Structures are given as C-alpha cells and as structure tokens.
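> Got a structure for you, questions after.
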Amino acid sequence: MINDKLPKIWYGGDYNPEQWGEEEWDEDVRMFKLAGIDVATLNVFSWATNQPNEDTYDFAWLDEHIDRLYKNGIYTCLATSTAAHPAWMAKKYPDVLRVDFQGRKRAFGGRHNSCPNSPTYRKYSERIADKLGERYKDHPAVLIWHVSNEYGGYCYCDHCATGFREWLKEKYETIDVLNKTWNTKFWGHTFYEWDEIVPPNALSEEWGANNTSFQGISLDYRRFQSDSLLECYKLEHNALKKHTPNLPITTNLMGTYPQLDYFKWAKEMDVVSWDNYPAYDTPHSLTAMRHDLMRGLKSGQPFMLMEQTPSQQNWQPYNSLKRPGVMRLWSYQAVARGADTVLFFQLRRSVGACEKYHGAVVEHVGHEHTRVFKESAHVGQELAQLSDKLLDARVHAKVAIVFDWDNRWAIELSSGPSVALDYVNEVHKYYDALYQQNIAADMISVDEDLSQYDIVIAPVLYMVKSGYAKKIEEFTTNGGTFITTFFSGIVNENDLVTTGGYPGELRDMLGIWVEEIDALAPEHKNQIVIKNKLGKLEGSYECNLLFDIIHSEGADVIAEYGSDFYKGTPVVTSNKVGTGKAVYVGTSPEASFLQDLLSNLSEEKGIQALLDVPHGVEVTERWKDGKAYTFVMNHNSEEITFELESTRKELLTNQTLSGSVALEGYGVMILE
Amino acid sequence: MINDKLPKIWYGGDYNPEQWGEEEWDEDVRMFKLAGIDVATLNVFSWATNQPNEDTYDFAWLDEHIDRLYKNGIYTCLATSTAAHPAWMAKKYPDVLRVDFQGRKRAFGGRHNSCPNSPTYRKYSERIADKLGERYKDHPAVLIWHVSNEYGGYCYCDHCATGFREWLKEKYETIDVLNKTWNTKFWGHTFYEWDEIVPPNALSEEWGANNTSFQGISLDYRRFQSDSLLECYKLEHNALKKHTPNLPITTNLMGTYPQLDYFKWAKEMDVVSWDNYPAYDTPHSLTAMRHDLMRGLKSGQPFMLMEQTPSQQNWQPYNSLKRPGVMRLWSYQAVARGADTVLFFQLRRSVGACEKYHGAVVEHVGHEHTRVFKESAHVGQELAQLSDKLLDARVHAKVAIVFDWDNRWAIELSSGPSVALDYVNEVHKYYDALYQQNIAADMISVDEDLSQYDIVIAPVLYMVKSGYAKKIEEFTTNGGTFITTFFSGIVNENDLVTTGGYPGELRDMLGIWVEEIDALAPEHKNQIVIKNKLGKLEGSYECNLLFDIIHSEGADVIAEYGSDFYKGTPVVTSNKVGTGKAVYVGTSPEASFLQDLLSNLSEEKGIQALLDVPHGVEVTERWKDGKAYTFVMNHNSEEITFELESTRKELLTNQTLSGSVALEGYGVMILE
Amino acid sequence: MINDKLPKIWYGGDYNPEQWGEEEWDEDVRMFKLAGIDVATLNVFSWATNQPNEDTYDFAWLDEHIDRLYKNGIYTCLATSTAAHPAWMAKKYPDVLRVDFQGRKRAFGGRHNSCPNSPTYRKYSERIADKLGERYKDHPAVLIWHVSNEYGGYCYCDHCATGFREWLKEKYETIDVLNKTWNTKFWGHTFYEWDEIVPPNALSEEWGANNTSFQGISLDYRRFQSDSLLECYKLEHNALKKHTPNLPITTNLMGTYPQLDYFKWAKEMDVVSWDNYPAYDTPHSLTAMRHDLMRGLKSGQPFMLMEQTPSQQNWQPYNSLKRPGVMRLWSYQAVARGADTVLFFQLRRSVGACEKYHGAVVEHVGHEHTRVFKESAHVGQELAQLSDKLLDARVHAKVAIVFDWDNRWAIELSSGPSVALDYVNEVHKYYDALYQQNIAADMISVDEDLSQYDIVIAPVLYMVKSGYAKKIEEFTTNGGTFITTFFSGIVNENDLVTTGGYPGELRDMLGIWVEEIDALAPEHKNQIVIKNKLGKLEGSYECNLLFDIIHSEGADVIAEYGSDFYKGTPVVTSNKVGTGKAVYVGTSPEASFLQDLLSNLSEEKGIQALLDVPHGVEVTERWKDGKAYTFVMNHNSEEITFELESTRKELLTNQTLSGSVALEGYGVMILE
C-alpha cells in the first residue's frame, strides 16, 4: 500500500489554491467532498512563493492549505515546487538557465527550465526539499512526497560540458578507451584532452531531432543528461528521506517520454507515478501499453495515476472533450493495469496563463452542476465503495515485452537504414497484437528476470547489452519462446557493430544469418508468405519498412518473401533452442500477421484470452490474495454483450452476473 | 478632401528616380503625363542618400526631382525615408539593429529594420523628419507627408526590455498588480522586481508563431511593441506638424497585418493609407473586407490606396499577372469602398535587388507600348474625367462587423481549444456572407458608436473589454440585432477568464450558458439542424472546428446539433433584449448557413442587397451630397447582365442606362 | 591516362585501415585481391592522427599501410586529410570553426567544418600537404593526390567578412561601382565605407534557403565562398605540385552540388573526380547528366568515379539495396560516360559513427561470401580484362547543353516570378529528352567553344554574361541551332536587368519580344498548340510554371498558347540567323514536347539515336583511335532485345553478336 493512512484508491489531483482566494477555498472544500476527493497535490509550482528571495522561506500559506484540507478529510500529496525556478534566481544566478539545443542561453520563462548541472539549482532545490522535509515530517496530512514535476529537457551549457567530461572520465577512465568506443578515427575526431569534447548539439555533432555525426557521443549525452536530472531528483529525495524515512517519495513520469531512462529512474523512486494524456487519436492499446510500462518500471508494483484530465486538454492541436463515460472508462483502464490512485490535473481551472483551457473537476463556471463534475463525483463514489479491495493487487502476465531506452536512443540516432523506423511504434505493434486478443503482457527492462515468463518479445532489439544474449539463451534453453525482429543484434551497448554477421550475438540462438537489410519507402510493400499453414498463420500478409535478407542456419522457415529479388527467401523463422525456441520476424508486418503469430505462440504455451469479448473491449485482471478481479472495459460507444462462463460478482454495481451480459457504451465492469 | 490642391482621385505611386539617370527622368515625365499620373511618392528609402554621415544632410537631389515633376504637373507625396536606416548608422550605433524573436542581434540588412526603442533611431528619425518639414514646408508640390513605410516587426533587445518595464510600470503601477493580472502564481512566475521581467520570445516564454506560456506578458508585449513603433511614428509626425500644421500626414498600413493595433494608430494619423497586395488566390471578399477595415479605422473617413501593383508582384510563391482589366477593376474596388487615391508601387521597375520583378507602370522595356502601360493610362484618363465627383463620398452601412487587434492577439496566443481557430478567417466568413449578397458593412472597432447600426456582428468576441458588454446590451435594448459566436465572452482585456459561466459578461444578454466547448479536427463535421423553417433557414447545414455545448437560459433555440453526444442540444440561439435581440452561433458554420442567417436578420431590418446581380458581381455605394454612386464590379471573366430598376447615368462612359444592362468580364460601372 | 603506372580502369576505393587492426588488415589484403581491387584511397580523414598536436607530425602509420598494400599490388590514391580539422585545433584556434548561416559560431564536430578564410586552417592545411608531398613524392604506390574531400559549405565569420571586403575591393575597385552594381539605392543601402558591408546571412540580407533582399551581395558572396574554398584547394595543390610536378591532383566533386562553381574549380584540377550517390528515386537520366557534367568540366577529358556505394547508402531517407546487377550497371554507366576509374566508398564498413550503415565491399560480416562482395569481385575481374582498352576514350557529341553556376545562383536567388522554378530541373528536362532517344550530349560551360556542336541548348539562360550573346549569335550565324527558353536574357552577370525588352541581349537573335512573364501555380496548365504539323510536332502539349507572352519580331511561330488571355499568341518560335536558327520555348513543357522538338532539330542536323533500343535502355559511345565502343545498358529489371545492324564484338563476354540480341535485366554490353 502506498500509504496505509488512506487505504483506498486515492482520488483527487493537482490543486493550486495559491491562485485563488478565501471564497473559492471554501467552495473547493465543499465541492471536493461532494466529489469524493480525498487527496490534493499541493505546492507543485510555488517555489517563488516559498522562497521570495535568497534568504527567506515562507511556508505559512502552505500550512494553511494543508490544514484546511486535512480538517475536511483531504490528504496531501506534497510537491517540492522545484520544477520552475523563481525569476529572482534566474536574474541573480544565470547558471540556473539552460543553454538549448541550438546553443542559445535561455532567459527566464517556462517551466522545467533549470540546468540540471547548475550549482545554484542543485543547492537551492536540495535546500527547499530539506526545509519541506523538516517542516512537514510529522504532519498527518502528508501521504507522499512529489519531487519536482515531469522532469525532462536537456541542457548544453558549460556546466553541463564540464559535468559531461567528468561523467565520461568515470565511465571510460582513459581518453583512449573513449576514442575507441566512439570510433573517433572515423572523420578524424580523435581527442587528446578531455576538454576538447563539447556537448553534441546543433553547433557540433547533431542536427534536427535525432541526427548525429557520432552516435557514441550522442548516446552518452542522453545517458548523461538523464543521469544529471536523476541526480537532481536524488538530491531532493535524500534530503526528504533524511526527515521522513517512511514516507514514500515519487516524481511524476510521462509514459514513453523519450528523454529519460525511466527504468534507471524507477530504482530511485519508492513508487512510480505518471501523467496520462492521450490525444484524441491515440489508440487505446497505446495508452494500455504505457500503463503497463509504468507498472513494469518497478517489476509490477502498483503505480500512481498522478495526472489525467477530467475532460479536456489544452495543448493538443484539437482538444476534444472526453465523451460521457470516457473519463470513468479511462480511469478504470489505469486501475485495471495497476494504478492504485486516480488523480487529476487539475481540481480547479486557472483563469490565466497557458493551461486555463485545461479541464478541471471544478470548471470556470465554479459550481457542481456540470457534466464533468457529475462524472467526477460518480467515480469518486465508486472508488470510495471499492475501498481497499484492489489495493496492491497484481497483474499476472506470462508474456513480456522488452523495452529499453538505450536501445531506443541508439535506434533513433542511427543514420540509416530508414527514417521510417520508430522503436515505440514497432514495440506497440507487438503489444497491440496481444492487446487485441486480451492477452496480458508485462513491459520489462533488460534487467528483468525472465524465468517468470513463457514468452518474451523484444522488438527491434538493435542493441544487445553485455550478457543479454546469454540471458535470453538461458530463457529459451529452459523452454521459453523468444521473439525478435529485423534490425536486432546489430550493436553492443556503445552502438558499435558486432561484426561477424547479423544478428550478431543472437545469431546462433536464432539459427539465421542476415546478410543484408533492405529499406524501402513505406508505400512499397512485400509479402510474408506462409510456407505451410500453421495454426492461424496461413496465406500471405503484407509487410514494409525493412526487409532482412536471411539465410537459415538451422532455423525452420515459417514464411518467405513474396516478391522482389529476395522472393522465396526466409522472412520468418523459428529455431529450437533447448526446450524452447527463438522466432525471428525479418520485416515489419501488418497487424493481422502479428495477431496470428502471437495467437499461435500463446496457444502453444496455454496462454489464452482472459475473456471472449467483441472487438474494442479491453479485458485485464488484477490478482490479490488468490482472487482475480476481471476488468471489462468497453471502448465502443455502443453496448456490447459477452458470455460469462461462471457466475461473477460485479463490484461497481454489486450485481451478480452470469450467462449473456450486456455492457453499455464506454461501460466498465469489475468482476470478482 | 485630403488636400484640395489636387481635387480629384490622385493617381500615381512610388517613384525612385534616384535609381536612374537623366535619360530615364525625362522619359518618365513624358510617360507619366501620358498615363495621367499626377502624384509621385518620393524619398521612401533614401535615408542613406539624405544623410551620408552623422553630420551631413543633403536634399539637393530631392529638390531637383520634386521640382522637375511639379513643373510637369505632378505633385509629391513626400516620404521621410526612415523605413531603413543607413549602413553607416548600423555600424556606428548598433543599437539601431533589432534583436529578433530568436534572441539574435541582427546585422545590417533588409528594411523595417530599426529597433523602435533605439535612442539612435529615435533621435535621427525625428531629426530627419524635422529637416524635411523645415525644407519643404512651403513647397507647392507637396500634398501629404508619408512617414516611414509599412511599419512592422518586433524587437527584443535590451532597450526594448527596459522600455517594456517602463511601459508595464505605467500600466500596472505595482508589481503586485502585474503579478495578479498575469496570474504569475501559475508555474511560480511571481516577480519581485521589475527587472526580473524579460521580453517574451523564443528564449523565454514563447515558441513558434504564437505560442506562449503566459498570455499576459505576450499580450502586453504585442501592445508595447505596437505602441513603441507608434511612438516612432508620432515623433516624426510631431516634428512635421510643427512645420506644416495643415499638411496631412499618413503612413501606409497593410490591411489585416497582425502586429500593430491599427485602430490605435489611426487616431494619430490624419488620413489612413494602405497597401493592397492580394495573392493569386485571395478571395475578392477578403480584399473588400480589408478596404472596409481601412475605412473603418477612422470611422468611415475616405482613405488612400497607397500601393498596389499595376500587374505582377514578386514575393508571392506564384506571381500571376493581373489579367486584362483586373487592375482597373481592383482600382475601382478600392474607390468603391472609400479610397480617394489610386497609387501604385511602382512607377518604374528597378533593375536590381529583390523587387526588380515587381510590376510597374513603366516596365523594364522602358516604353509605353505595353499592355500594362495602356491599362494604366486608361485608368488615368478615367480618373481625370471623374474629377472631384467622388471625393469625400461616404459609404452608408447599417451592418457593422467588430474587429479588434487585442482580441485577435489573445485568440492567437490562446493555448487550446483548437489550433485551427483563426480570428481573421472567422470574421471573414461573416463578412463574406454579407458580401455575397451585396449588403454593405462597416468594419468597426470596439470604440465605435453602435447607435448608427441596425446589426452588429462580433465574431469570436473572445475578449470582452471593460464596458463593452454594457455597450452591446444598450445597443440591443434599443432595438439592435447583435450576433456573436462560439468562444466569446471568455476573458477580460487582460486575458483573464470571466468565471461564473461562459460566455461571461455576455451570458445574460444572450440568454445562454455554454457549459463546454468541444474541439475536433477540421475534417470532423457536425450539423446545424434548423428546428423550424425560418425565412431562408431550413434543413441542415454543416459545421466544424469548435462546438459550444449550450443551455438556453431564456434564448430561443433556432437550431440544434445533428450528431455526437450533444445531438439535439442548442447550437444557434436568439434572445430578445429590449426591442432588439442577441443571436449566438455556437460553432463555425458553412457559408450557406451564414448567408441564410444574415439574409434573414437583414431582411428583418429592411436591409437589402444594393442591386440584384449574378454571382461574382460586387456592388457598393458611396454617397455624397445626398447622391448615391453605385459601383457595379464584375469579378467574372465573362460578361454578365443585370436589371436596372431606374434609369442611371454611368460615369465612366457617360452613357445613360436602364433595363437590362450588360457588363463585360472584369468590367466596372459607376452609376450616378 | 591519369597515371600510366596503372594502365587500366582503376578499381577500389576509400579505405580506412586506421579504424581496424592487424587481423583485419591481413584479411583486407586477401579480399581486395580476390575482388580485383588495385587502388585504395587512404588518409581522407586522418588529420588528427597525422598531427596529434601543433608541432608533431606522424605518418608512420600511413607508410605502413601504403607499403603493405603496394606489396600486394594495390596502389594508393593519397588524400591530404584536411576535410575535418583536429579537435585540438578547434580548441586552441577557434578561428578554424565556421560561423553558420544563422550567425552561430560552431563548436567542434562534423566534417567539412573549417572556415575557408581561417588563417589557422590555411596555414596548417597547406603545411600538411607540403609534408605529405615531401614524404611521398617518390613513393611508387602513389598514383594521384586527393586533396581534402567533398569541399562545400559556407562560412559567415569575421575572417570571411574581411576576406569578402578584400574580394569586393579587387572586383569593384571603388565603393561607388559596388553601389551601382548592387543597386543599393534600392532600400537605401548605399555603402560609404567597405567595412559597412557584412556577409549576407539570416542576420542580415538573407533568409531560408535562397532568399535575399539584395541579389547582388548574395550572388557575390556565393562566388566569394566558392573562391575561398578553391583558394584552400589551391594552397594544397601548389604545395603538392612543388614536390611532385608530374603526379595528378584532384579533389572529389559532387555532380550538381549547388555551392561551388565547378567549372572554375576544374581549371585548377588535373583531373576531375566525383562521388555518385543517386537516391532510390533518382532518374537514371539525371545520373547520366551528372556524369556528363563532370566530363564537361574539363571539356570532355575522362574523369574519375571517386565514390559510389557497392550497395546501400545510409543517409537517404530510405536506403534501398542496389538490386543484383545494378552496381555493375551503374559502374559501367559511369565508364560509358567518361569515367576511367570505378571506386567505392568504402572498402570495409565502419563499426561506429554515422556511416556504419553505408555499404562496403567488405561488409560487417567480414568475409567474401556475400552478394555484395561477389558482385564487386565480378566487376573487378571484368575491369582487369578490359585492361587499357577504354582508357582515354572520348565521347563525341554534336549536341551541347549549357550549364552555369552563376546563372543557377541568380535564378535561385531571384524573388519572383515563381518559387517552382528550379534550374537543374529545367536543364534536366532537356537533357532527358535527348537521353530518352539516346542522343549524346555534352554539358558545357559558357566558356566552351561552340563550333564543335550542331545544336546548343541553354535552358533558362537567365543571366547572359558579357560577350555570350555574341558568341551564340556567331554559332547560329554559322549554321548552328540554338535553343533557349522562357526567363532567358533577363540579366547581366551582376544580376542587373537588361532594359529595353526581354530577352535582352538575345532579343534580336531570337526575333521576339517578351512583353510579360506570367507565373501560375504548378497545377495550372496551359497548352502548346502546334500551328502546322512539323516532323514529330503535332497537336497539343501541356505546359506550366512560367508563360512568356511573346511578340514575334521576325521569328516563325511554331506553336501558340491554347488557353488563357494569351491564347493564340506565340509560345514556341524559331528564327533564322545566318545559316542557323534560334529556337525559343516560352514555357515549361511536358516531356513529350521536348522529345519531339529535339528529335526534329536533331534530325535536321543528321543526328540520330546511337542504337534503336527499347525504353529504359541507355546507349552511349566512347571513341578511341577511331574506334567506337558502344555501351548498351538495360535499366529494366527484365530482359530486352534489340537489333544489331552489323556484327559486333562484345567486350565483357568476348562474344561476337549480330542480328537480334538479348540483354538480361540490368545487363550491360560493350560493343566494339
């Protein structure tokens, strides 16, 4: 349990009373209670208020709000306010200001704006965390610490340059090792002194979004910046921990955010929390994947949904309303996949600045007679009634999908073979194939123990880190099914190619040699032609993007290319390894192929859909004390029906169901 | 009359004899006379010639040209030459150079390139105006002063930063008021000292074209920069006025140019002038709207068409020729809508630099035997013959459309609900609906007296300035018909939301409450379903973009949505207010809806088309001494016919017309 | 012969042994021999290795590689390593770092990164060339010097500013002449002192790719930067020549690369070499045109194919493999058009940095059992067998197409009439019309002697340099057929318009006056209507882009416009001049028109297709000692057949062929 002071699914969200006055504060409390809100996140962006100048700290305003809320039964998720530095600090200590990718020194503005290697920022962010820890360590209202907010963005200033060199020295020890690792003989970039190295940005090695002349330095700079921000987090974390060793600490992450290695971050966090902001056209399965990824950061430990909008966002191109029922549906989607909180950004809408058109529980109209408020209150009542029933429940998955930020960075930075290759998209294609069949999957790091899984899928495992090939081989040898794809096994963790034939360290296990990798414009298709009908796999499927030209070195050929000069050569192979097998998909297939392939492989392992439901209905399970809680979530706007094999209790309605069951459009059931 | 020395529609334009020699000067005079040209705009870009160094001024060359022209019956519109600073000044006083939106200090180049808060620029631009005023105050050739040229562009330098802080101090008096107004508690941007405030650009609060973290500072910076440039104008204006209190002063504006608040500017100008450069695909009605807007800047006072091209432009992507007759047609379109001059850029084409492919009366070939010259001469003869007949004639409109730059800026800066919302487009949709029916409209500011109108339309009146709601309510109470749209009444003049329910201060008058505002991608359509046939309104119309979810609080529901979860809820309403009414259109409709709606509302007020003509024929009237001059302008390439109810004299041909009348493709008639 | 030490078509390419170790070096030699490789380009990017600090030079590593290869029969193309400066140099002497178009000082990174006016760069690049010359002057392995690599890119630093002013002083002598030439009276840009002039970039006169306020300065800056880089080349060239007066010197060019005036460069080079990197969708005829242009740089002298990929590139969006046979086909395409070498980038694939996915003869797998290696070895064998048969053979063309970088720059910089006008595209349209009919053409400079040609085509001869009109007139007077197009004869070599009627200096010869130039969006088409069937010209063809409105002043009207207000006016004309004629095409026609037109004109001159072959088959001839070598190259993937009129020996197979001959998909024949 995140904090047993409040043994239920927490409900509430970001609250900025400092933007309002007495009158609204009273109304807020009245309405929060109406809505069943029991947690408010305070102090997210109040550094300038807390510390009006270098020497003065003033938390009286915060005391007041925490107390007022607590008296009314509302707990506090207490933020440290360091996600935007005060204007006075930027003026007095410009080192807090970042230098951007273009090499431009920033001026005061925006948020998430501090250089992570700024001595001033580190000093004062640690100090305010320390002061908050000291002040609120015994306050009964405080449930959890919320360090900073949505960490992200890179800096390229001189402090970062110096820090980067230190980081490199620690990693490589000698400049010779660095030169070798970055292959600096290429284009004569040999470094003789550490201080010849400059941050890779638009003035030096990089251009555009992810283009670089040297993958080595660019990859390391991403690691360094992720580490630098993590260091900032840790400074605050430790300062707080000193005062409150038992209070959990988190910071809110952002799903598949590209810039930070969240697996590394999660190790330093007590509980993972994240902000879920799908666009109007985000596939439901991508949201699901992100939830599962957040759950996977700490090996399945329940996480917090820290932010979602009650209805509308403001920063999308087109900010559609969440249709009636959809906020509830998506809230339960989070819970269904491991969230133990349902929190909003925000509880009351601002009247000024750029988020004033972001939805809130209390809208600009200021009263409770709105659709959004009513739906919010409805969910609040349901969560109250659910009590602690689902807390700490675990998802059980026998299938795992590997996700790795280092690998992602390396793929994104790669020059060739195709600009159309997008790691997250490729991972999502495999995830979606399982999702459409309601087969549970974990999203795991390369550090995860594989023995708990029957099937491990590692799409585009371009980078094979030290020891990982061996780990997979053990998994397959012991009976596991491993699946990987084109453009895998190519480089080591420093993005240096493993010579001797693709897919490098995976070659033996996969029983294939990839001689060449063709890349065609996305509109150019080839076909995956199944050699012999195999379970659901039959006939021909489309594929595009990349096309490995494969020689079997022992692997069974499941399918061959249907056209081009490599027509008739292997495209999908399967190799027996010990009691398991290793499957290779040498191209980027259409969805139906992956569904059929993964259906076959799952069936072999006795893994089945959790429930047989119509298209567009998502089904998951969380387990607790040997009991399964089955979530049935209808993403269709129309009612659907499905068959229950046994009699089940529905938790939200307390009805007992069996046989043919109807579920309204955007409806949710939790079957005990 | 702009200047009664030349009591006719002035004809001529920009002339740069300094780029030529004796031989061309003689030819020019000969050809100008052939073309009926009587006004030349001189000295627009000659600062470097006039002032070759800090201490020397030399206007001898200018004397010569003014005199030569005047001897040949050609008057001078005399520019002050300050639209581009000399190269020597940029070298010696870099403060004249701007810092751009990216934070980069500019080097010498281009035009409209001076920082408006540069002490050097202010000093020397004022001084040269003073010297010109002194020198030419008694010259009989000078008809009008033309200060600088096409003011525009913003600067972000330290002088501007300082000036901005002064401007803010004057506006807000205390930093607390500023903090409150900008809602700086959001994201912890509280300022404690004025000098913590920096200009909002790509290094601080803004990015892209119109994105900002803080609407407050960005809105104020636009106002400040508009004011700063206006201050530069005023320095020159006053310097000139001192010498020639009776000579009119103008500067050439640019229609719907986004960066300057032209209503504020027009107050400081004796006469409005503007440059009309439609692209090959600009709708005729948009050009018409811009003319009407320019006329509206000084409440209907005739304006100057300062620039148009005789045929070709050079800076459009595709610079099509004006088809035969089109230059004449568009010249009369300007006159028809209030212009008392027809001036070109330019009289002779340059041979070098970026405008050498911009058309001119005298083309590169250098003689008069060109289509362009002949058409120019034809118009010259007609204007000579029209004499002073149309001078000072007024347009009478009973319909007004509100246009407001502050509102425009606030809408453009808004983060959410939709990037597809474009203020000028939405205004133009309403304008176009009137234009297609040849119903005259005035484009007015929020300061305009409304009592002269029967119908006032304020599309997307997002920002309701202090007192404006009351003003509209008086208008409706007294019988007026007011029309506004979705996303109106949202904020006050500081872009702070009016809480208590949209559309804020307009809610009572409109008799509705807008609970939510849905935003969908432009390709997603809904329908406006008319409840009961009402005049021309009948059946169903398409709409898109934004969709207000409306509760009637007394207003009549004219139409409901046809689909989505708000199907059947109000989309168009009409509320009785006193003897008038307030109509609300909750979405962005297709053109036919607006035509039908405005046709109905106009008919109620007895407002009718000026003439019944085929599609593509524009009709306007100017009134003088109780007489109407009806302009009939055929934008079609083919001949059209229409019926005249009475016998009318056509001024350009001196023919008397009645009954069925034919008008050739691109033809024009002025019926007395 | 480039160097008679190796009297055959050289075969090999870029080789970077410094990135590898002993083991690979031995393998490389073994495989190079297997592949018939006899030339390796060394030392392209090894400056940092050669000169580890300011005072130390170390070429021992290079000695070793040159020797090892030479012992194994492999010669060296020896590069000077100056295409990327060492990191230590950038740190110690920042003047080597460029200032980019945005005005940003670059940091260390990338390649082709040195300011061409940097004193440090000039000093050390000359010095290393000197040292290499000294060291290897007597080495038997060295066949040719390869100075730097792919020169390009512009700099805008203070050294360049100073250099630019010197360059201008030399060109214009007085500031008055400069002012007049740049037409600085426009926009008041008069310069009084040289140091008021700043480089034209995004901070001053230019924006975007090719937009400028002043064409004069921008055109001169391109010339200056091209000259500055050429000066760097010459410093090295001369340093080498001092030591090895008889060794040829080259630098690798890049076809239609926009930034350098290659005709001017070629004058300083002993032999032209270039890098051929077609994208997956580059038309074959565009590659052919580039080969012909490279051949034309030195008036038909054979050139070197310095780089091509054995199969895959890495920096295209989609890096498709060269299909089986295509590398061979494209290698012979180069030879067929004048190349006396076939060299690759690269011989062994890198394992790190941005070109690791660029193909190589030795792929990452490291052995010879790959398709790519086998195809490479096959070509190697063929080239060995061809021996010196084709060396120095010349292409004989009676048709020439004029290509001019100054003209190209002026067109690109032009503001108006149309952004869709692309010089290289328009030239290529004419080239392609000949290519499709297998009519040989030379690509020539404006300095080339025209008397050797029957037909000279100068598409969009916008800029007519001093004396060039006369030269063409002599050509036509003496019987030649000259063809030019719309937007020709407009300006002189300083981009100043020739007044008195377009097409300026060409007007008399062409017998036309172009009164106006219409520009429409590319989707707007007009028609070229042939007046009287003339050879293949018949009926109507489509055209778009620009439309000259033409008056014949003696020229015969071949075709008229089919629509718009200039319907029925001339669009294609032909004027008799002496015994020749001058043809004008007043718009941008569809391909079939140009094929028909050029077919007619060729036939008149007795110029015919080299062979009658199906579509997609390219035919060229090289002549040596009175013998023709006919290359037949099938770009289709399927086999084709064609008829031979006489019995011919095929050189690659040593077969004798006659009658109906089959050629496999992607196949090549060389018929003696």
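Cβ coordinates come from backbone N, Cα and C, glycine included.
Keep in mind that TrEMBL annotations are predicted by a computer and have not been checked by a curator.
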> Going by the substrate site in TrEMBL, where A:Asn149, A:Trp315 are listed, which of the candidates A:Arg111, A:Arg122, A:Arg348, A:Arg349 is also part of it?
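Of A:Arg111, A:Arg122, A:Arg348, A:Arg349, A:Arg111 joins A:Asn149, A:Trp315 in the substrate site that TrEMBL records.
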> Give the helix, strand or coil assignment DSSP yields for A:Glu307 (active site, nucleophile).
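Its secondary structure by DSSP: strand.
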> Specify the count of other C-beta atoms within 10 Å of the C-beta of A:Asn149 (substrate binding site).
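Counting Cβ neighbours of A:Asn149 (substrate binding site) within 10 Å gives 25.
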> In Å, rounded, how far does the Cα of A:Cys115 (Zn(2+) binding site) sit from the Cα of A:Glu307 (active site, nucleophile)?
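The separation of the Cα atoms works out to 25 Å.
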> Looking only at DSSP and grouping its letters into three states, which state does A:Cys160 (Zn(2+) binding site) belong to?
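Helix, per DSSP.
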> Counting distance between Cα atoms, which of the recorded positions A:Cys155, A:Cys157, A:Glu307 is nearest A:Arg111 (substrate binding site)?
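Result: the closest of the recorded positions to A:Arg111 (substrate binding site) is A:Cys155.
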> Within 10 Å of the Cβ of A:Arg111 (substrate binding site), how many other Cβ atoms are there?
19
> Chain B sits near which of the binding-site residues A:Asn149, A:Cys155, A:Cys157, A:Trp315, counting only a Cβ gap under 8 Å?
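Checking chain B against the binding-site residues, the residues within range (Cβ-Cβ under 8 Å) are A:Trp315.
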> Using only the residues recorded as binding substrate (A:Arg111, A:Asn149, A:Trp315), report the maximum Cα-Cα distance in Å, whole number please.
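If we measure all Cα pairs in A:Arg111, A:Asn149, A:Trp315, the largest is 17 Å.
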> Out of A:Glu150, A:Glu307, A:Trp315, the recorded positions in the record, which is closest to A:Cys157 (Zn(2+) binding site) when you go by Cα distance?
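Closest by Cα distance to A:Cys157 (Zn(2+) binding site) among the recorded positions A:Glu150, A:Glu307, A:Trp315: A:Glu150.
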> Validating a neighbour-count step here. Other CB atoms within 10 A of the CB of A:Cys115 (Zn(2+) binding site): how many?
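Taking all protein chains shown, A:Cys115 (Zn(2+) binding site) has 28 Cβ neighbours within 10 Å.
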> Measuring CA to CA, name the entry from the recorded positions A:Asn149, A:Glu307, A:Trp315 that ends up nearest A:Cys155 (Zn(2+) binding site).
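Nearest by Cα distance to A:Cys155 (Zn(2+) binding site): A:Asn149.
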> Name, in the order they occur in the sequence, the residues of the same chain whose CB lies under 8 A from the CB of A:Glu307 (active site, nucleophile) and which sit 6 or more residues away.
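A:Glu307 (active site, nucleophile) has long-range Cβ partners A:Gly13, A:Asp14, A:Asn252, A:Trp274, A:Asp275, A:Asn276, A:Tyr277, A:Leu343, A:Phe344, A:Phe345.
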> Measuring Cα to Cα, how far is A:Trp315 (substrate binding site) from A:Glu150 (active site, proton donor) in Å?
15
> Please work out the helix, strand and coil residue numbers for the domain 'Beta-galactosidase C-terminal' (A:616-672) from the DSSP assignment.
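The domain 'Beta-galactosidase C-terminal' (A:616-672) comes out at 0 helix, 39 strand, 18 coil.
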> What whole-number Å value do you get for the CA-CA distance of A:Cys160 (Zn(2+) binding site) and A:Glu150 (active site, proton donor)?
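Their Cα atoms are separated by 20 Å.
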> Enumerate the residues of the same chain, A:Cys115, A:Cys155, A:Cys157, A:Cys160 excluded, that satisfy the criterion Cβ within 8 A of the mean position of the Cβ atoms of the recorded Zn(2+) site; list them in sequence order.
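Near the Zn(2+) site, the remaining chain residues are A:Arg98, A:Val99, A:Pro116, A:Asn117, A:Ser118, A:Tyr156, A:Asp158, A:His159.
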